[in-house]
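Residues or ranges marked as Ca(2+) binding site in Swiss-Prot: Glu120, Gln123. What Swiss-Prot records for Asn8, Asn18 is N-linked glycosylation site. What Swiss-Prot lists as topological domain 'Lumenal' is 1-28, and the listing cites sequence analysis. Taken from Swiss-Prot, the feature topological domain 'Cytoplasmic' covers 52-175. Marked as transmembrane segment by Swiss-Prot: 29-51.
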Amino acid sequence: MEKFTDLNYTLSVITLMNSTLHTILEDPGMAYFPYIASVLTVLFTLHKASIPTMKIALKTSKCSYKVVKYCIVTILNTLLKLAGYKEQITAKDEIEKQMDRVVKEMRRQLEMIDKLTTREIEQVELLKRIYDKLIVRSTGEIDMTKEINQKNVRTLEEWESGKNPYEPKEVTAAM
């Protein structure tokens, strides 16, 4: 039953708006019709949206002051947006929430910076150790006899039997 009453009320308001607009349109000097129609539409929408919302919110909420304040702030922010302003009205609670969020984000960033700094220090220490191992040290004169295997080269007099062991020998094979 309440819905039918609400529907009748809405229809009567729309009829009232239409009759008002028709009387305005009959006046040929009226050049601001679109603006007036927009304002009336916004006001009607706000009226229809805010009153039931406020009733429900006040019935279900234990803290009606906060609900009323939030609804008023929301309505004012909507009107400011419609007027073209980018600024918004914020409640004190919202400012505190935003500050807490900013502080939390700053703490997270500081922890991240601390971790990255620690990793960078560890990487620098590792690079220093690698560099120290790769550093070229001069040892002075290098003994090249080991490189070309000249220590095992013997002359004919140094061989034990006096024969060259690398000369081919006559080999016989069994058939």
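Placement of Cβ uses the backbone N, Cα and C atoms for every residue, glycine included.
Note that the structure is a prediction, hence the values are computed from the model and not measured.
Where Swiss-Prot records a feature, it is marked here on the structure.
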{"residue": "Asn18", "record": "N-linked glycosylation site", "CB count, 10 Å": "10"}
{"residue": "Glu120", "record": "Ca(2+) binding site", "CB count, 10 Å": "10"}
{"residue": "Gln123", "record": "Ca(2+) binding site", "CB count, 10 Å": "10"}
Quiz prompt | Assigned conformation of Asn18 (N-linked glycosylation site) - DSSP reduced to three states | solution = helix
Quiz prompt | Cα-to-Cα gap, Gln123 (Ca(2+) binding site) vs Asn18 (N-linked glycosylation site), nearest whole Å | solution = 76
Quiz prompt | Predicted model, mean pLDDT over the topological domain 'Cytoplasmic' (52-175) | solution = 76
Quiz prompt | Distance [Cα-Cα, Å, rounded] between Asn18 (N-linked glycosylation site) and Glu120 (Ca(2+) binding site) | solution = 72
